[in-house]
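A.B. asks: I grabbed these lines from TrEMBL:
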type	residues	note
DOMAIN	594-857	domain 'G-protein coupled receptors family 3 profile'
SIGNAL	1-19	signal peptide
TRANSMEM	596-619	transmembrane segment
TRANSMEM	631-652	transmembrane segment
TRANSMEM	664-688	transmembrane segment
TRANSMEM	709-732	transmembrane segment
TRANSMEM	752-775	transmembrane segment
TRANSMEM	787-807	transmembrane segment
TRANSMEM	819-842	transmembrane segment
């Protein structure tokens, strides 16, 4: 085809008139138009009136013989008569082109690009074959209506574009024709496949068919339409399992191979972007191979063709879905069609052939040599009213309306030209044209601006690419009560609406292929449920995937999610990974067993300390209590009570106050405790530095003890105040340690402050331990140094083991370890220092005498 176009334009452009003459010699020219009428202006037409063409052998030495077309196509003959009806209607109009007659010249394109080229050459040249065999070079028509397919229309538009002859197609849908640079004179009254292909992609996606097969016509219509569909389907997440191309004249073996591919495929939906002729041959082979159970989705070219929708074909095509043009009504058309016949022009061979085809008769007697079944003689008086065929059918007029609108568009452009108007509402042009000097280029310019309403209310206009607004009906092949296939409108598509609103269903029940009540499934892989994500299978298309569970902390809340979404820091995925739920907040609470146990031990420790205090108070006048420095003992018992109670601040939900209180209370109470122990140790050492065993503690040591306790505690208070002032401990949600939960803890704020508090307590404990160790050999009855040494040994052991346990314990166990260290060290001090004294006071009162103490002390000192 491209080579033919190069030859044509080369001859026209390089050799001028001589080139035109050579072109006429090569292509030949139809002897006469099939249908014609003269007028002031002439509209050409090209229709596929015959569907079969025989190309004679070319000798390249003689003039090529004319092409022979056969097998009359009643559908396109109906369209050609619709064009004539529109012209006659306009000629009889008093408002549109008054006093102007429109003529027509209609040629048969035979569904072939070669024959279409011959037809357009005849329309452009205006002469039939003459003795001189020359082309005049001046167009005899002002516009051309046609052709019946995209490939033929492309040939015609490329030929006429250089001469500015407008071509208005009623059937060519190839999106390539919207290219204004390549086809500047092309218009159409049928939407571009640019929109139909996208509508088909949205349709298959709407019904969840993500795995489909595709069959197309191997021409401009099918190849361009399918390419656009594949692109649009990819954007919708639809994959194409296979894509096959056929032509109606392919060998049967090739058609059979395509049907075998369809039958072996796993997809259950077939998108057929075919012309009616390709669908004819594909259907026959599908019936031969019993190809059933598939859901067909068709293009507008064949989806409403009656001869395909038969009872026989319903086994294959039952339940078919597809987009088509809207139905319409043309008043008076049926009556006009019923008057068509050889009586209008007895010498017109086309009308005679139409009559013979319609009534299966012959005007001339059938010869024996003709063969075939015997046919009756045509009388010419047969009645078309009694015939029901594609020619007489005016129930829908989907494509007839396109021809009707195309003729009116040309008429309105000529009307605007002659009345000096540039389109509706655009003012007046003073440079008017007389009807005898109308040129196709002028019609072309005015055709771009036409905007008028039809009798039906539909408005006709073209966009900047020569295309109309794309509006489709979605039809479904269903059976009526008589068992006949009918086309039921179940939805619509309007490309002028915003995205998302273009495609809509009307609520009518759809009949499906196979099981009429059950929509077929056509997927490569089953859908991934929420909580899973798609993982593409290597070497397969994106629609073929496996379902992988989302990782912990990730979710997918939609079906067929491509990826899992990470939950935010304070949220975690639920059990089925379908939604994020708040993480479990972990802290040591009073409601759990560990918290209850630690709180109970803390209260028991505080109670024991209180009991010891009461015992010491009740026996405060006894020698052993007096010898134990009762003031420091009571202060030590008070500090131990606070140590036990301060562990309760570590239990419960951390807050700003509890976080600041727990560490400062712990630091100050333990500093007070260690200060008391240190003072007692110093007092023991000082007491036994006297030379005589009977001497008592010097009175000056009492203020010294108070000052030492106050000073040591005050220093810890200063450290805690600085800590709180500069970087206090605050509640902190720890999400780093455990991904599945939030650990609510107290951030120490300043690590230096925290370890300074602990370090200071450790320093006091170390001093106590050293002094007590040095005084460990003092007499037994005053050997507090031994018990202090042992208690400090326990204290240091606990807090030394606390450090690694604190660092390594996770979550609430960190707090538990700290509480355990507080309680263990507190119990160690209580039992080691006050346990032996309570034992003597309560169980061995005979030893709680001054005499016993003095005797033992003297003996020991000796």
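Just so you know, glycine gets a Cβ as well, placed from its N, Cα and C.
Mind mapping these onto the model and telling me what they sit next to?
C.D. replies: The list of residues near the transmembrane segment (664-688) in space but at least 6 beyond its ends in sequence, with Cβ under 8 angstroms from a Cβ of it, reads 629, 632-633, 635-636, 639-640, 642-643, 646-647, 649, 696-698, 701, 704-705, 708-713, 715-717, 719-720, 723-724, 757-758, 760-761, 764-765, 767-768, 771-772, 774-775, 778-779, 782, 784-785, 788, 791-792, 822, 825-826, 829, 833.
Within its own chain, the transmembrane segment (709-732) has Cβ neighbours under 8 Å at 632, 635, 654-656, 659-660, 662-664, 667-668, 671-672, 674-676, 678-679, 744-750, 753-754, 756-757, 760-761, 764, counting only residues six or more beyond its boundaries.
Away from its own ends, the transmembrane segment (752-775) comes close to residues 663, 666-667, 670-671, 674-675, 677-678, 681-682, 684-685, 688, 712, 715-716, 719-720, 722-723, 726-727, 729, 785-786, 788-789, 792-793, 795-796, 799 of its chain (Cβ-Cβ under 8 Å, at least six residues beyond either end).
Sequence-distant contacts of the transmembrane segment (819-842) (same chain, six or more residues past either end, CB-CB distance under 8 Å): 588, 598, 601-602, 605, 608-609, 612, 615-616, 619, 622, 624-625, 628, 633, 636-637, 640, 643-644, 646-647, 650-651, 666, 670, 673, 677, 680, 784, 787-788, 790-791, 794-795, 798-799, 802, 806, 848.
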A.B. asks: Residue list, the transmembrane segment (787-807) vs rest of chain: Cβ under 8 Å, 6 or more residues beyond ends.
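C.D. replies: Same-chain contacts beyond the ends: 677, 680-681, 684, 758, 761-762, 765-766, 768-769, 772-773, 776, 814, 817-818, 821, 824-825, 828-829, 831-833, 835-836.
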A.B. asks: Would you kindly list the residues that approach the transmembrane segment (596-619) from elsewhere in its chain, counting only those six or more residues past its ends and only Cβ-Cβ distances under 8 Å?
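C.D. replies: For the transmembrane segment (596-619), the nonlocal Cβ contacts are 588, 590, 625, 630, 633-634, 637-638, 640-641, 644-645, 647-648, 651, 816, 819-820, 823, 826-827, 830, 834, 837-838, 841-842, 848.
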